[in-house]
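Scroll down for the structure; my scribbles are underneath it.
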């Protein structure tokens with residue numbers, strides 16, 4: 001079982017009001033990581049308005065992620081991308097029963113606090129928006145609301161978890177409709193997990209210390225992760241997912257679930273595609289069902305993909321060195 | 001006879017429940033196994049089933065899509081023991097209302113006569129841990145982990161209330177069916193899973 005308690009004193013959460021004459025605890029690591037556990041084997045869909053959020057819920061999404069613009073639009077628009085309008089987030093929260101997440105800029109503590117105050121269910125400290133602080137991500141242990149972070153490698157993932165991330169997703173390359181980078185990232189994380197697991201199994205503590213130094217994280221988290229043989233928090237795939245087959249492939253690589261950004265609502269058959277991607281994610285290991293799902297979409301309606309090599313803006317590099 | 005337990009693995013907190021049921025089987029020293037089940041064929045083979053936490057709308061819609069919901073209802077109506085956790089308890093109910101959105105049209109098993117409110121304690125920021133008790137089934141103290149939890153305001157005459165928190169009903173039992181609003185699988189306390197495995201064992205033999 002994945003560790004839920006977190007390692008830090010302040011991960012124990014805050015004692016809030018007494019109810020039924022017993023103390024109740026909010027914002028504990030168990031509650032924050034536990035929320036991510038409830039999302040497993042599900043699809044989180046990027047939405048920009050109530051209409052899209054309702055389509056997502058109807059399709060069986062486990063959550064919606066509210067943005068001002070879909071990642072593909074952010075890419076076209078240029079300029080500075082910030083957190084979405086609070087009014088739109090609130091309208092969506094009043095319209096759907098599934099959890100509502102929203103993105104804040106990397107390192108922008110007060111955008112995160114605003115989203116926490118808005119009562120969103122999870123905050124995505126996201127490279128899709130323009131970073132506010134490339135060197136320091138948000139210290140997430142202090143928030144009551146759980147936070148998900150992107151990562152391209154095991155080192156990046158563990159650094160975010162040490163800062164208090166309750167969930168990790170691969171970065172991929174957002175807004176491209178090109179799943180190649182997401183596949184590269186999840187395979188890299190898996191390879192690195194295998195490496196540290198084999199070091200752990202061989203009992204070579206010195207080599208684990210070396211890995212910790214290379215990853216720029218503590219020895220403890222490397223040892224804990226190596227022992228588990230997987231990330232110590234729920235791990236989703238994201239970035240460039242456009243079709244049911246994309247979703248099924250990422251699930252087969254061991255992801256706990258997926259985020260779909262522009263792939264659904266930049267396509268011309270959004271409703272059908274939303275249904276199809278959820279089906280393919282749930283039944284990823286039943287090839288007849290994935291085929292059925294793939295048949296529900298029309299490739300001519302897919303988001304036109306972008307070759308990652310020719311991009312001027314590589315969102316995945318944002319905050320990556322910190 | 002060997003006991004076969006299942007955890008519905010459409011969506012949600014499946015692995016933690018598999019591990020908790022396995023620990024319960026071992027602690028009780030019962031001859032039994034636990035597997036995750038998804039297809040109607042797999043569901044048809046189990047003696048008892050945990051419906052885990054997750055998103056009830058997702059689990060409901062996808063159980064309709066693969067035909068799981070139909071066989072689940074048949075088996076539970078015929079007396080198969082079931083432990084519904086959070087979303088699982090929502091699925092067992094006849095109707096579900098949301099605290100903010102109101103009436104919701106979502107696929108349900110339509111079995112338990114309870115008045116249930118989804119997200120009853122609020123959104124994720126209001127999720128909480130607190131000690132609760134389930135005295136009538138011999139669990140005086142339990143760390144209740146409530147995550148965007150539902151609660152029940154009223155139950156039909158054939159439904160037994162196992163636990164209340166802050167005037168809201170958070171655990172119920174009706175013959176072969178147990179429903180809880182909190183997540184026992186997110187704690188290291190396996191007493192509720194043990195109670196469920198024992199119930200399944202008693203009803204089978």
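Think of each number as a place in line: the chain as shown, counted from 1.
A Cβ is built for glycine as well, from the same backbone N, Cα and C atoms used for every other residue.
Where the annotation comes from TrEMBL, it is an automatic prediction and has not been curated.
TrEMBL has this to say about the protein:
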- B:54, B:55, B:56, B:118, B:147, B:148: L-glutamine binding site (BINDING)
- B:86: active site, nucleophile (ACT_SITE)
- B:183: active site, charge relay system (ACT_SITE)
- B:185: active site, charge relay system (ACT_SITE)
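Sequence features, as recorded in TrEMBL, placed on the structure.
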residue : record                           : CB count, 10 Å
B:54    : L-glutamine binding site         : 28
B:55    : L-glutamine binding site         : 26
B:56    : L-glutamine binding site         : 29
B:86    : active site, nucleophile         : 29
B:118   : L-glutamine binding site         : 23
B:147   : L-glutamine binding site         : 27
B:148   : L-glutamine binding site         : 25
B:183   : active site, charge relay system : 28
B:185   : active site, charge relay system : 29
Site extent for L-glutamine (largest Cα pair distance over B:54, B:55, B:56, B:118, B:147, B:148, Å): 13
DSSP three-state assignment for residue B:118 (L-glutamine binding site): strand
Residue among active-site residues B:86, B:183, B:185 with Cα closest to the Cα of residue B:148 (L-glutamine binding site): B:86
Rounded to the nearest Å - Cα separation of residue B:55 (L-glutamine binding site) and residue B:185 (active site, charge relay system): 16
Candidates B:56, B:86, B:118, B:147 (recorded positions) with Cα within 10 Å of residue B:183 (active site, charge relay system): B:86, B:147
Residue pair residue B:54 (L-glutamine binding site), the residue listed as 'active site, nucleophile' - Cα distance, angstrom, rounded: 8
Secondary structure at residue B:56 (L-glutamine binding site), reduced by DSSP to three states: helix
Integer Cα-Cα distance in angstrom, residue B:185 (active site, charge relay system) to residue B:118 (L-glutamine binding site): 20
Nearest-integer angstrom distance between the alpha carbons (Cα) of residue B:118 (L-glutamine binding site) and residue B:86 (active site, nucleophile): 9
